[in-house]
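I have placed the structure first, in the form of structure tokens, so that the comments after it can refer back to it.
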Amino acid sequence: MSTPTLAAPEQRAMDLLRFATAGSVDDGKSTLIGRLLYDTKSLFTDQLAAVEAVSAARGDEYTNLALLTDGLRAEREQGITIDVAYRYFATPRRKFIIADTPGHIQYTRNMVTGASTADLALILVDARKGLVEQSRRHAFLCSLLRVPHLVLCVNKMDLVDWSQEVYERIADEFTAFAAKLEAPDLSVIPISALKGDNIATRSENMPWYEGPSLLHHLERVHIASDRNLVDVRFPVQYVIRPQSTTVTDYRGYAGQVASGVLKPGDEVMVLPSGFTSRIAAIDTADGPVAEAFPPMSVTVRLEDEIDISRGDLICRPNNAPAVAQDIEAMVCWMDETKPLRVGGKYSLKHTTRSVRAVVRDLHYRLDVNSLHRDEEAGELKLNEIGRLRLRTTAPLLADEYRRNRTTGGFILVDEASNRTVAAGMIVEAS
Amino acid sequence: MPPAYRVSHLAALEAESIFVMREVVAELERPVLLFSGGKDSIVMLRLAEKAFAPARIPFPVMHVDTGHNFPEVLKYRDRRVAELGLQLVVASVPEAIESGLVVEPGDGMRNRIQTPVLLDAVEKYRFDALFGGARRDEEKARAKERVFSFRDEFGQWDPKNQRPELWSLYNGRHHAGESIRVFPLSNWTELDVWHYIQQERLDLPSIYYAHERQVLSRDGMLYAVNEFIQPRGAEQPFTAKVRYRTVGDASCTAAVESAADTVEKVIDEVAATRITERGATRGDDRVSEAAMEDRKREGYF
């Protein structure tokens, strides 16, 4: 075998964009995903052949691309999508991970899951129907989860004669709604997923549209500055202490940089103890590095011997998160077996720290369609969202979720069943 | 923003996988890494090396040995385990057939009977976390799998009742006897794996690169003629230049025609291919539309 050399530079320079798609089969979401995969040559002939065979056997009039993403037996039998499916494709500029979230069943839970890691969310509407309740709900959940980029695809433009007027009416209405949501960067693109218009290339049927095709937008949307490079937050994941005769006295704090930039020589503070030290070195298996920033996984060594363990957090003395046991948060309840109730006790996982938490107060339940706050609500059921106050057994090292998605997010776990029952976003910690 | 803060997709995937492995070691008591000598498990082992350096990998590796092996792969397995100073646990299918735990299927395909053998070893060694090299791009049931995938005391996967997985907050909690399958390569594609093999200069078993071999054509796939696969009926063995895209049980893993004898050429080939790796090489996936889902429910990887 010859000695490997570096791959073609264009492949090496690719970055990664994670996006979530929201919508139902009726909106053409599966067709759109199928089209993106097809146009980027990411759809394999044996996958396509399998889908064609199943479609034909079921008597579908056209090849049902939804079968590509509906992988489970029950989904195929019932013609529904149960769960988040992950899909992958790449262009020479970027690698993409799609979290494909279903529209109907357990909708909020799946959308929240898919959106939690997304850089961008893609919402589909049918041009004939315009905005529906579901489109507003999608937009709200994206803003709740702080997905930095939002793309509204006005689909099925072929069925409205490529009408600029129809497109503009929907775009204006959505833009006005999004403005109320502190929505992030928003783009609106008229497409026909079925015909391929404005998917990989600009449509010739809509010369009035001057923006980019969807793929062009996905390839170029600027995501690097979405990362927080200001607030140094390094949750300690694991302490590396080799039991070895060749490597002695090594004590490194392993973790993934949540935000900020760390450099050797920086003065740092360790929470919750509050002790300060300086970074002696930042190690990786490939050697020490001069800087560490998100999403690097590294091992930090400090100049002083301080007692540090998993769940502690390294930050800067003049820029620290709250050390807090009273947590105000928005919570999305995800368990169908029992509701969240005031007084309920749960295990809470936040960064690399696990504590116990009790629900002290449920301020209100939010209607995700009207955004109405029901202050009389006594519990949260599956897919319901509410604002609560929690008290934890030990402090969290927490930021507001709007400032930091890693140090601001948590999950609740039922202590008896061990199920993940809620996603939480910290509003205020004290 | 200075270009120095750029992170390539491969570096981002590596950082994510390392994070996942450290979470497991920090939160679970008895992890084990499934190591077959296949390319995905080789990449996984490299990630484990990196996650805990300069310390040694803090868990053993396990090979579910069907007895239908490619000799090159077994040799590779033993060499790598020795280099890294790892403990190797072999869960042996032939021994399980001998002891009556499983029965040799009539068609000689041992894929399905691997599962009880795996579960038996998990119980015996009380492993509570099993690292597997499965990727979501491989197969449609796997596309719905979590990174931390909960298994009950029978090792079963319940696809309709999976724990939601938010941010990078993985839930590894379980009761005694239950376990978590962990897939650090969930978000990698076949091409990512090959780019990483190239970047890390990882040595692979030679059968991953094009070589001349006696093969026969069966069900539209090329199988090596060996002690497990012999010509039947009108099948005529012939010599072809082939390589393996996946390495599994030697009785049901097919080769593909290829001239790619270096990592660069394999990358070019994988980038241009229009057939998935399992579709091209695995007889066991052809049983039905949901063959993989059914096996996974029983506890297969």
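Glycine is no exception: its Cβ is also placed from the backbone N, Cα and C atoms.
Sequence annotations record features per position, and here TrEMBL assigns domain 'Tr-type G' to A:14-227. Annotated GTP binding site per TrEMBL: A:23-30, A:100-104, A:155-158, in sequence order.
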At a 10 Å cut-off from the C-beta of A:ASP26 (GTP binding site), count the other C-beta atoms across all protein chains. 14
What kind of secondary structure is A:GLY23 (GTP binding site) part of, going by DSSP in three states? coil
Within a 10 Å radius around the Cβ, which one of these binding-site residues has the most neighbouring Cβ atoms: A:GLY23, A:LYS29? A:LYS29
DSSP-derived class (H/G/I helix, E/B strand, else coil) of A:LYS29 (GTP binding site): helix
DSSP three-state assignment (helix, strand or coil) for A:THR101 (GTP binding site): coil
